[in-house]
Amino acid sequence: MKLLDRLFERSTRRVAETTSRRAALARIGSWIVAGSALPLLLPIDRVAGRALAAETGKPGDPGDPNSCDYWRYCSVDGFLCTCCGGTVTSCPPGVEVSQVTWIGTCRNPADGKDYIISYNDCCGKQSCGQCACTRNDSEQPMYRPFNNNDINWCMGAKSQVYNCTLAVIRGVAN
Ligand code: ABN
């Protein structure tokens, strides 16, 4: 009879251990811990996301010149010539570069250095209207026009019609 009691007690305990609320919580807890540890064990390429930004630009000149986030545009106000048939340093065909220009200083994330950038407007034809980008690092109020980027710099060119803006590296700022 004692043997039967002991067998019955043991099987009851086993059922209680595996079906109690505490056991269920313990099991869920262990799943959570195992689940969060899983990505650390799997061979996931963690570098891919970071490499993407650098791969879009040239070495030493990271980022996408079609995007307003590109480092050289830190002080630009205008339409990006890269979206208008030009490049970051050359106007679209049939459009003339302005010689008077707005100058800014932007930090290149590739080397941490500050570069002097000129934001020459391209003049002629009609306004491009693509990729409007307004970032105003180091801009000064309008009453200091040579430190303000909200100006049509085509005023010194043959045609005063503004088309788009370049971002040309002029040198390293000390
Ligand atoms: N420098 C770009 C620009 C052109 C016209 C008007 C405002 C800003």
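From the backbone N, Cα and C atoms, a Cβ is placed for every residue, glycine too.
Among the candidates Asp77, Asp111, Asp114, Asp121, the one that TrEMBL lists alongside Asn149, Asp150, Ile151 as binding substrate is Asp77. A disulfide bond in TrEMBL ties Cys91 to one cysteine from Cys68, Cys122, Cys123, and that cysteine is Cys122. Put simply, the two farthest-apart Cα atoms among Asp77, Asn149, Asp150, Ile151, the recorded binders of substrate, are 9 Å from each other. Mean pLDDT of the predicted structure over the domain 'Methylamine/Aralkylamine dehydrogenase light chain C-terminal' (63-171): 92. Inclusion criterion for the recorded positions Asp77, Trp102, Asp121: a C-alpha placed within 10 angstroms of the C-alpha of Cys154 (disulfide bond); this criterion is met by Asp121. Cα of Cys131 (disulfide bond) to Cα of Asn149 (substrate binding site): a distance of 16 Å. All protein chains shown were included, and the count of other CB atoms within 10 Å of the CB of Cys91 (disulfide bond) stands at 24. Separating the Cα atoms of Cys68 (disulfide bond) and Cys74 (disulfide bond) is a whole-number distance of 8 Å.
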